[in-house]
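> Please see the structure below; I have some questions.
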Amino acid sequence: MGTENSTGLEISEPFLLQSEKMREVEFEVSEEIPPWKDQITIRGFVASALLGTLFCIITHKLNLTVGIIPSLNVAAGLLGFFFVKSWTGFLSKLGFSITPFTKQENTVIQTCVVACYGLAFNGGFGSYMIAMDEKTYKLIGVDYLGNRAEDVKNPALGWMIGFMFVVSFLGLFSLVPLRKVMVMNYKLTYPSGTATAMLINSFHTNTGAELAGFFFDFSPTYVGCGLICPHIVNCSVLLGAIISWGFLWPFIAMHAGDWYPADLGSNDFKGLYGYKVFIAISLILGDGLYNLIKIIGVTGKEMYKKNTKQNNLPIVNKFQDSESSKLLTEQKKRDETFLKDRIPSWFAASGYVGLAAISTATIPIIFPPLKWYLVLCSYIIAPALAFCNSYGTGLTDWSLTSTYGKIGLFIIASIVGTDGGVIAGLVACGVMMSIVSTAADLMQDFKTGYLTLSSAKSMFVSQLVGTAMGCVIAPLTFWLFWTAFDIGSPDGPYKAPYAVIFREMAILGVEGFSELPKHCLAICYGFFVSALVINLLRDVTPMKISQFIPIPMAMAIPFYIGAYFAIDMFVGTVILFIWERINRKDAEDYAGAVASGLICGDGIWTIPSAILSIFRINPPICMYFGPSLSS
């Protein structure tokens, strides 16, 4: 599951190279493919529930701290293999007769896990959902123009789980009829899905299973993120930290008393804090707008080219050597398997219409400011946006989920106005994010299933089950954080940076820019234009130059939340860089496994840490580093 916070156009190239290596993986034409019902197993769902819980915890932790969510599709496939293989091996030693663990079952587990933990991100637990809560309302300021006490809805398990169920399934039905077009006709790459398929295929060969052996380590999550994110992402984060905390904020602070009152608190939006939030927003919006326009342009161009080629291609009969014949046989086998178990279009269409009707009736009950006709309009245009996002993800691995969500946020907030526009905009953001994201994730997993000879029907069923799991597991694991830690505190480890940003966006949609401190709007314009120019330079300059140009979206993250995590991620990228220079093959084979161990190990520790916090048990020893009294 890639997001615009963690992946970009540069990540597609190594994955594209990996997809070419698919030919090197042993492919047996005579391989027996289990029926779609046999690809779905009880042990698979048990493993999916356990891994889904773990990945939800990891996603919440990243969401509530730095907001960077690396693509964990490969890690889901790897850990699914590791868990089930370990379990079946243990039972075999005890003398039990065990059903063989196939790559199709592995793919179903991976799909289920991705669908489950995807809701921890798309559900807005680190962004639009907690942007509604009282803590965020008070943090922005009770006297802040447009920040009304009426626009507050605190988290509660009941309405969160209900909201997840009524909005999370529509994206799965929106593009199911187009799976053949996207995967087979357009032959979209879906780099993360292709890489996951390559990994799963390699596991189920005699030699490939060696790659699944790794050890968990309780090292920081961000070092693991540094290993799994592209070098340019990590370097962009560090550059953003240097620019903001090394130069920009000290410069603005020098003008305290002139540009803004000097006696304001550290979290007052009329002071330095306002600059931090709104400059970060301007970078995020500039980057998102540019890439949205670009992806739409690329999508239209590619579709036009494909249609032109299909209409004008001459019929050519040419000699095929044995290698070409083998590849064509492999292709035919995959096509037949993918199309064998059909999902009727009428089922997908009726499912979407029925779920849209339920959601249109239910959402206004949970959130009265968002009227039913606005929800209905969102569901009418959502399939078109879901197609654009899925097609763009297939080309570049870049899912613009939150960009589409922000568009919905601004439009609905401005339509509703001052009487509930903030809540309505935030909920509309969630509706849009849920549909476009789950549609892209589903198509990404269809690509994985296509390359691993898995049934499209078993993939769809596992998506439904994984989504149902996520509707329960994601809120429950979030509730663990919410109960145990001070979520949203600017001075704590779980700052929930996007909560403030999303609420401010909703207020901007309603009120405009009247409350910004002096020169803040001008500086924001400058950074907005800079984001557009930097992205343009990345696209027009040669690869040998563009690979060193930073990504504005990644630069924006430390502007608001601080520079502390940038060093950890940079350490990860330095380790990977040195590893690649020493032994590139080992780095390619094992870096993902090491990163998974780092991230999952740290995620596992969150559980006992949260339990200790719930019971108010403090550690016996605590170390603190701060400035000396003399300074």
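Cβ from N, Cα, C; glycine included.
According to TrEMBL, the transmembrane segment annotation covers 156-178, 232-252, 272-293, 343-366, 372-391, 422-443, 464-484, 520-537, 557-579.
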> Sort out the residues at least 6 away from either end of the transmembrane segment (156-178), same chain, that have Cβ-Cβ distances under 8 Å to it, and list them.
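Apart from its flanks, the transmembrane segment (156-178) reaches 119, 122-123, 129, 343, 345, 348-349, 351-352, 355-356, 358-359, 362-363, 366, 379, 382-383, 386-387, 390, 430-431, 434-439, 441-443, 460, 463-464, 467-468, 470-472, 474-476, 478-479.
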> Report the listed stretch (343-366, 372-391, 422-443, 464-484, 557-579) having the maximum count of Cβ pairs within less than 8 Å of the transmembrane segment (272-293).
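Between the candidates 343-366, 372-391, 422-443, 464-484, 557-579, the best contact partner of the transmembrane segment (272-293) is 557-579.
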> Between the stretches 372-391, 520-537, 557-579, which one has more Cβ pairs under 8 Å with the transmembrane segment (343-366) than any other?
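Selected stretch: 372-391, with the most Cβ pairs under 8 Å.
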> Among 372-391, 422-443, 464-484, 557-579, which stretch has the most Cβ pairs under 8 Å to the transmembrane segment (232-252)?
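That would be 557-579.
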> If you count Cβ pairs under 8 Å, which stretch among 372-391, 464-484, 557-579 touches the transmembrane segment (422-443) the most?
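Answer, by Cβ pair count: 372-391.
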> Same-chain Cβ contacts of the transmembrane segment (464-484) under 8 Å, 6 or more residues past its ends?
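Distal contacts: 45, 48-49, 52-53, 56-57, 60-61, 64, 111-120, 123, 125, 155, 157, 160-161, 164-165, 168-169, 172, 438, 494, 607, 609-611, 613-614.
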> Who are the chain neighbours of the transmembrane segment (372-391) in space, where the CB to CB distance is under 8 Å and they lie at least 6 residues beyond its ends?
170-171, 174-175, 178, 182, 186, 188, 295-296, 299, 302-303, 352, 356, 359-361, 363-364, 399-401, 404, 408, 412, 415-416, 424, 428, 431-432, 435-437, 439-440, 443
